[in-house]
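A.B. asks: My structure is below; once you've seen it, I'll send some questions.
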Amino acid sequence: MHSCFSHAVCIELCIEPTDVILLYTLRKKGTKLSLGRLFMIQQHNELFVFFHQVEKKMPEKYIREESMIRGPKFVVRLRSHTVYENSAIKIFCTVEGYPTPQVICHERKDLFWCFSDAILPEIKYTKINITYTETFDVTFGKEGDKVTLTCKMIINPNLANLQPEALWYRDEYLLKESKWVKMESGGGVAKLTVVENLIDYVIVSWKPPNTTTEGPIIGYFVDRCEVGTENWVQCNDSPAKICKYPVQGLFEGHSYYFRVRAVNSRGTGRPSRMSEPIISEVCSDFDFCVHSGVPSAPGQVVATRETDTSVLIQWAPPKDPNNLIGYYIDSCVKGSKDWTSANHKPHKQTRFVVHGLTTGETYVFRVQAINELGLSDESQESAPLSVRAALKLPSSPYDVSLLYCDGESMVINWKQPIHSGGAEVTDYYIDKCNVAKKTWKEVNIPPIKERLHKVIGGLTAGSVYQFRVYGANLIGLGDASTPSAPFKCEAWTMPEPGPAYDVTFTEVRDDSVVVEWKAPVYSGASAITGYFVEKSKKGSDNWSKVNESSVNHCYLKVKGLETGESYLFRVQAENAQGIGVASTPSDPACIKALPGAQEIKCGVDEESGDIYLSFESCQMTEKSKYVWKKSYQEITDFSKGIVVKTSGSHSTLLFKNPDKEDLGTYSVSVTHTDGASASYKISAEELEKMLALSYDIRNPIIPLKTELAYKILERGRMRFWLQAEGISSAVTYKFFANNKELVNCEQTKMSHDAATGIIEMVMDHFTDDSEGTFTVQIQDGRAKAQSSLVLIGDAFKAALAEAEYQRREYIRVKEGPHFTEFLSVQTGDNASVTLICKVANLKKDSVFQWYKDDVEVIPEVPADLSSGVCKFPLTNFSKKDVGLYKATITDDRGQDVSQIDISGKAFDDIINELSRIAGSSAAELSIQCTAEGIMLQCHMKYYTEEMKIHWKQKDSKISASERMRIGGNPAMATLEIVEPTDKDKGMYTFEIVDPEKTHSRILDLSGEHRGKVIGGLPDVVTIMEKKTLSLTCTVCGDPKPLVSWSKNEQELELSDQYVIALDSGKFASLTIKGVSLEDSGKYTMTVLNKYGGESVDIIVSVYKHGDKIPDVKPTPLPKRIMPPTVPIEIPTVKSAAPAAAKSPAPPQNAKSSAPPRGMKSPTPTRKK
């Protein structure tokens, strides 16, 4: 039986306890040992029950032994007893066997044996619980060393005479006690000790090939061959990266040859010479195969701060160096798995500085040792460490200055240390020295937090004092500042102001800087009215004024500075009495913008509508903070809706409720940087624009494609709808009728379609009470819209009448035969006119009838009620067809009527459509002789005198008369000229007018024929060189025309190559013999007689033999008409003329391939 478990096992065997034996197995993978399988063996019947151990405990499983025949046996034999005389005794023994054995007692004469039951009771089954409390895991050992595996368990019941025996397996093979394997078991513990004998592999090493022009080596393949054979076997599946490789799977006592093949990007090279024969034996007997393993993992790794971009790493060396070469150090950002190597060749010491780290980022580190055989396991990771410079003592403050003295106290100020030591300087301590006594004394014992301090007490009026200042941070007290200049303790009485202080600079750009300062402590005899700023180049004693007129605030933007130059600035305050003393100069300011410096951006947030000032710093440190100011005074009051939001290198100042009080200059600076800062001035005009945009964003309007409108549906239902430019699925809306909100129900059903933006309400009953104003209010997020529709007076009456009509129509259509399409006029492309309609809901006895002016008309073809389409053709449509047409469909369920009035505009529309068809189909004018003169004819699909036509001679309209007879028939329009004279010569024009276009046909009635090209010439000719080209066409004219040829607008000269001919006066030709590339070009043929002529162009393209035929696309060129050159004469009309030939008339009612054009009738009469 075979089972897999995940918890403690409980095995109940149907055997006596003496049959239980525990077995274990050991699996070897290289030099790594791991727990394999656990076996339970029942020795009597060799039944194996095995299972995989996955965790420490296994679930209970029961296995019952089948009964088998066994001979009787004493398990516990009788033993001797010493007792008092005359006392009873019970003697016990234990027997086993199957079937249950019988016990026979042999009595001695002096003893009396008493058995309560000579037959032994049936042996009960015993349940044994085995729980593993400790198992072994994967174990690593050094080659040649011992490896011990231990497994602990609890056996219940624990029988003293029933201790388990442990059997160990290695790769499924049972291990036996030997000098390499030792086994111990007992007391619930099983131990296995293995000594690795290393007899199944050797380590092969080699030197790399000398390569010069070949590609770099990417690895090696090792081959082996057993001595006495020629079978070379590749030992490794993938190329070995170093010049050593352990070959495993060898047989003890066998000899092998080895060879190596190098691999590069081009492939595998030829093998090396084979090695000497090597015998696979215990390594201690052969020096050539004894190699230590890779080093053990380095010890604890400790990381300490070095600079803001580097960290010092230290670690303990490995316990087993094994010919150590060096170490590799890896770093990784905390929380990621992206390990980066810090060194590219082995480092020999146990300390290393990792450079190139990101300031403020947190890293962990690990170390690996390496020798010739490879890398060790990674060390444990170091504790996470944030990269920043190591904390130090701050540098000394400097520029101690006197700001005011009243004779009893002195106010001093100083500049903060240049280097804070990595921690903020929070405390200051002051010493004073009476210059006359030359002794320094402490001014303050509690630390001072500000850089302005009033020294009170211990001062003597008239004495001279010096001061020095210490700065302190978390690490401790820094060095003292340089002693100040001697200050005399006497009261200031000058009328001018004292010096300003804390002169700093910000917003450094390539040609400007903003200078800031603080107002003097001593204002003089009157209030301060302004300030002057002076500048000086670094290293110069020449000071110049920056501003000619004073400024009344404590900042000034200085422009026009030289890029890259360093400047110092100082400030003088002014009052009514004059200009005071200058301040202590600022630190030097190098006029050059920071790389990547950004300006403040001002705008309106598209989501919230908040006005914002946004700044992205080009520099950031872990301790950097954004300081926003208005008029260069830090903003501390956020009660008026000002909010600062900072994320990474971005900081935004939001105005929730902006107004005119927010006008002014705003600035931002980033602490712990090289001066990242910027400013922006919000003007009144800009603020007004942003407020308008903010309002639109906060109160958005949903744009509407259409306002609220209505449409009447079947059954007289009223649909109110509008369409928005775009809405979401979360849109909400309300409909109102006369300011009363309507509810979404069956009577007023509301819906919307987010895809089309349509919102609608269908009102089921539109009645007299519905008159009034309808409104819809829409809200989609923050966006809103409203639209109204007023239905009162005539507008309401018209809508109500249409609704009632639709209700009646619905009832009519549902109950009896009816028209699905009312009467309409259809004009076909063949100029046929037909009345057409469609009927439905018919019965066999339904009757369809046509009427004209209330008189029944029976068409030649009866109505086709099976298809539902009924047609009534109006043949040769004209005035005779004017009238009121009506169609009826009737059966026992009722009657429906449709009518159309063919008169007035409806009649004109039909004539206009027929005029369009006739004009489009009109042929060219032709001449026929009649008994009285000549007749001009224009054939077309249909003609009627109701069409609007014009005959013209030389642009003069011809009026109908006895000589000029205008007429025609359905097939053509005619103009007969009776007894023509010379005055009738000239150009005749026939025009058919429709509403969109005038169709004209022209005939030159001059009595003669100009020269013409009838046809035969192509537009383009392509021909191979050295071939003969012949261009031939037919010409006509009376008298016979002259033909001339030209090439590229130059007359063609006759030669042996160019041959021109005119046969029979009508076949003109041009032959070019042996054409060449120079013969390519445009050829023109001109046909001309005294009445005029015309010319045509031909493009000739010659190509070389073997070339691809050029793809010359023809460009049709119109013929050019040549005017006549002499007066024209018309021959006299003969008295006898041939009879006029009948003009062909197109068949009537011919079906057209194009779909018919229909014209809908006016609104049909409604059933009352």
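A Cβ is built for glycine as well, from the same backbone N, Cα and C atoms used for every other residue.
Checked TrEMBL, it gives:
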type     : residues  : note
DOMAIN   : 188-282   : domain 'Fibronectin type-III'
DOMAIN   : 297-390   : domain 'Fibronectin type-III'
DOMAIN   : 396-496   : domain 'Fibronectin type-III'
DOMAIN   : 499-596   : domain 'Fibronectin type-III'
DOMAIN   : 585-683   : domain 'Ig-like'
DOMAIN   : 817-903   : domain 'Ig-like'
DOMAIN   : 919-989   : domain 'Ig-like'
DOMAIN   : 995-1101  : domain 'Ig-like'
REGION   : 1133-1168 : region 'Disordered'
COMPBIAS : 1134-1156 : compositional bias 'Low complexity'
A.B. asks: Can we call the domain 'Ig-like' (817-903) and the domain 'Ig-like' (919-989) in contact, meaning three or more C-beta pairs below 8 angstroms at a sequence separation of 6+?
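C.D. replies: They are in contact.
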A.B. asks: For the domain 'Fibronectin type-III' (297-390), provide the mean pLDDT of the predicted model.
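C.D. replies: When the pLDDT values over the domain 'Fibronectin type-III' (297-390) are averaged, the result is 89.
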A.B. asks: For the domain 'Ig-like' (585-683), what are the DSSP-based totals of helix, strand and coil residues?
C.D. replies: 3 helix, 44 strand, 52 coil
A.B. asks: Report the DSSP secondary-structure composition of the domain 'Ig-like' (919-989) as helix, strand and coil residue counts.
C.D. replies: 6 helix, 36 strand, 29 coil
